[in-house]
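J.: Copied straight from TrEMBL:
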type	residues	note
DOMAIN	7-128	domain 'Glycosyltransferase RgtA/B/C/D-like'
TRANSMEM	12-32	transmembrane segment
TRANSMEM	38-55	transmembrane segment
TRANSMEM	75-90	transmembrane segment
TRANSMEM	118-138	transmembrane segment
TRANSMEM	191-211	transmembrane segment
TRANSMEM	218-237	transmembrane segment
TRANSMEM	257-276	transmembrane segment
TRANSMEM	288-309	transmembrane segment
Amino acid sequence: MFAWNQILERWFDRRVALIASILTLFHPALWYYSARGLMPNVLFVCCAIFSVWFLTRLHPSEKPSVNLWKGKKEVFGLLAGLFFGLALFVRLSEVYWLMPLMVALLIAVRKTISARVVIFYTLGLLSVMGLVFVLNAFTYGHPLTFGYTFVSSVQPSVLVENVSGVVLEKRSFLLPFGFHPRAIFWHTWDYALRLFWWLTIPAFFALPIVFKDHKQKIYTLLTIGVALWLCVWYGSWRLNDNPDPTQITIANSYVRYWLPVFVLSTPLIATSILWIAKHTRSKKQSAVLVCACILMLVGLNARSVFFAGQDALVRVVATLEQSEQIRDRVFMIVPEESVIVTDRSDKLFFPGRHVLVPLRSDRTYAAIPRILTRVPVYYYGITLPPEDLTYLNQRKFASLGLQITFMESFGVESLYHIKKRE
């Protein structure tokens, strides 16, 4: 937050920067995903902030504050490139908007940097990206093949039309999830605007205020540009992290994908708070109102993170405790050398047991007989209705000489044993 505060002081006054830093620290999206494991989005944002901060250290400020390692611009350049590379290492798909932003910042500080600084910046960037290319070569077979393009190459490009005949999708390297205007609108409305409405309203309220200042106008236009790109990129992607697709919760991936926009919007929220406080009768009333607004927003944020919705952290903790009990019970039944076929619970059982995902796949069906020649096979998932169990035993598994039998129920899920037909 220190680095983010220093960056914002270049665009806004110190009060806005301080309040925005506090709001960033307690933003529900940042707060929530800092508490969730295996989610790289917070780390990505932190690396990007540090990269921008080191770049701003290369440019003299009208209101200089802390300038560590004064005169060591090469070090700042190296660290800026290194953290930019780390940001791309964590979330390479963000290169489309992050690269133009970094180029714009380099142009902004071009009069204060030398060729040596640019070289050190490039070295820092390439030192990380070189590792990315090596990992890509080992993972995908080519250094320039990435996760999204690898998936796109497997699924041929297609054109999809909606009921009105409008072309919605054409998979490409630039838009791997296609272009779906209706999906973009509703996903943006649900997750970027409505979910945290108490932050959205003051952010929009500040627009006519910040557009009166040239520097703040540039910052806001950059923020809007990033927001539009991320809304088009990720808003076109139809995904459901929650088994119930009607649930709009903080745990759905759109929230973490739009985390950069949430962070960038915090000075706009701070501007609205200070504008309202400016119209009080005294400085004391103004200070009290600012503190009250911050506390109110932090309180609403805390409610969203810990208590609101199916995926609030309090419920997540309870779910994790229940999952641990299920895992321990399943491990008591399933021998250590066994393979568990599952649709959504692979993280629950791996690495304690080998897992195979998913059940309803021709590749899985073909692999099970071969696996059974060596180790036992089980299936764990949503409890199968009687007709599904009959279908598997009489159609799918019958042709493979297999059968599936119920073993034990765990709420809405059950454990089954897949074995050779007797």
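Yeah, the Cβs are placed from backbone N, Cα and C, and that goes for glycine too.
TrEMBL does not curate its annotations; it predicts them automatically.
Could you tell me the structural context for the features on the list?
T.: The DSSP breakdown of the domain 'Glycosyltransferase RgtA/B/C/D-like' (7-128), given as helix, strand and coil counts, is 89 helix, 0 strand, 33 coil.
Residues 1-2, 4-6, 42, 45, 63, 196, 199, 216, 219, 250-251, 255-256, 258-259, 262-263, 266-267, 269-271, 273-274, 290, 294, 297-298, 301-302, 304-305, 313 of the same chain, all 6+ positions outside the transmembrane segment (12-32), place their C-beta atoms under 8 angstroms from a C-beta of that stretch.
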J.: For the transmembrane segment (257-276), give me same-chain residues lying six or more residues beyond its boundaries with a C-beta closer than 8 angstroms to one of its C-beta atoms, as numbers and ranges.
T.: 4, 8, 11-12, 15-17, 19-21, 23-24, 27, 29-30, 33, 41-42, 44-45, 48-49, 94, 191-192, 196, 199, 202-207, 209-210, 216, 219-220, 222-223, 226-227, 230-231, 234, 289-290, 293-294, 297
